[in-house]
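Beneath this line is the structure, given in structure tokens, with notes to follow.
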Amino acid sequence: MDVLYSLSKTLKDARDKIVEGTLYSNVSDLIQQFNQMVITMNGNEFQTGGIGNLPIRNWNFDFGLLGTTLLNLDANYVETARNTIDYFVDFVDNVCMDEMVRESQRNGIAPQSDSLRKLSGVKFKRINFDNSSEYIENWNLQNRRQRTGFTFHKPNIFPYSASFTLNRSQPAHDNLMGTMWLNAGSEIQVAGFDYSCAINAPANTQQFEHIVQLRRVLTTATITLLPDAERFSFPRVINSADGTTTWYFNPVIFRPNNVEIEFLLNGQIINNYQARFGTIIARNFDTIRLSFQLMRPPPQNMTPAVAALFPNAPPFEHHATVGLTLRIESAICESVLADASETMLANVTSVRQEYAVPVGPVFPPGMNWTDLITNYSPSREDNLQRVFTVASIRSMLIK
């Protein structure tokens, strides 16, 4: 993997900097590195493809070296370099695709394609290394089973989940009380509702709670917490739990009271925030517990218009609702996760779909992320680490 990254980095720099008119002295170090790459690769043969519709291609390396000059690089010099660069780029692209479409239940962190296995040989270590890539650094750590740490802008840690629970229900579904939620990616939205606006609740207050267990531990998380759940702020028709009927939800939004959020690790509270919105920090957690209340305003605090919305007896045409939105803006995770700000999952999925790669023993059909993160096994993590690393290498050359 180190060699593949070094090849890609060298080729990217060469493609960007070996251009007509450039002073040789400005790129002499790069050209020496380029020539070392050519010397190491010359005389070797590789084969890529042969899985799904990815065609088999044979690669032979026999290229001349770039010379020295006291002047600027001319058109002939650049054209010679470009021919070599284009062939090498095509080779790296195919090695990456060949690697991205393969998976293994055992030691999925190790190279799976014949071409990348060959590049891992001792003879290719002479290619100049550049391990500045975060993915490469973490691949090396994961490969040695040492601690890894991945910084993501928006980690897709929550499997998609959209449902509701009813704490009070009737066959007519005309006086309901319960909780709705939508968890996906890096965001949780949860709403508590009571058709009767807590008219018969103790102290005219309804208590709601929403608990989310993460599939992996997050640390040093920057989180936004808002006293609203906009996805549950408009009328809708909802299917009943048994699917035999539908019920009408017509929310009128209240601000939640006594909001408390707890971040827990192995059942122990690590961070606790009460009535605090905006940006908050969670140090280390694998579970999030949100609790909040709906409080019915005293009659003297209701204007006639508000009192008309929430009568003391049925029918209840408007439904009191409170909600919260929790959004993980950034966090550190020791596991490999898809990230809203990166294209690795999209790149891997696109290549696998484009070449009709058959479903293997590790990844679900279509690389369904909800399935992946819901059943996140060590085997899946190893394979994701490898294919995401390769995807990051490929993205240096192929946009």
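Using N, Cα and C of the backbone, Cβ positions are placed for all residues, glycine too.
Swiss-Prot lists His153 with the feature Zn(2+) binding site, giving sequence analysis as the kind of evidence. DSSP assigns His153 (Zn(2+) binding site) to coil, not to a helix or a strand.
The Ca(2+) binding site annotation in Swiss-Prot covers Asn266, Asp286. DSSP classifies Asp286 (Ca(2+) binding site) as strand under the three-state reduction. Around Asp286 (Ca(2+) binding site), the C-beta neighbours below 8 angstroms that are at least 6 residues distant in the chain are Gln213, Leu214, Arg216, Val217, Leu218, Leu264, Leu265, Asn266.
Averaged across the region 'Interaction with the inner capsid protein VP2' (62-73), the predicted model reaches a pLDDT of 93. The region 'Interaction with the inner capsid protein VP2' feature in Swiss-Prot is assigned to 62-73; the stated evidence is sequence analysis.
Listed in sequence order, the residues of the same chain lying 6 or more apart from His153 (Zn(2+) binding site) and placing their CB within less than 8 Å of its CB are Glu329, Ser330, Asp339, Ala340, Ser341, Glu342. Taking DSSP states H, G and I as helix and E and B as strand, the region 'Interaction with the inner capsid protein VP2' (62-73) has 0 helix, 1 strand, 11 coil.
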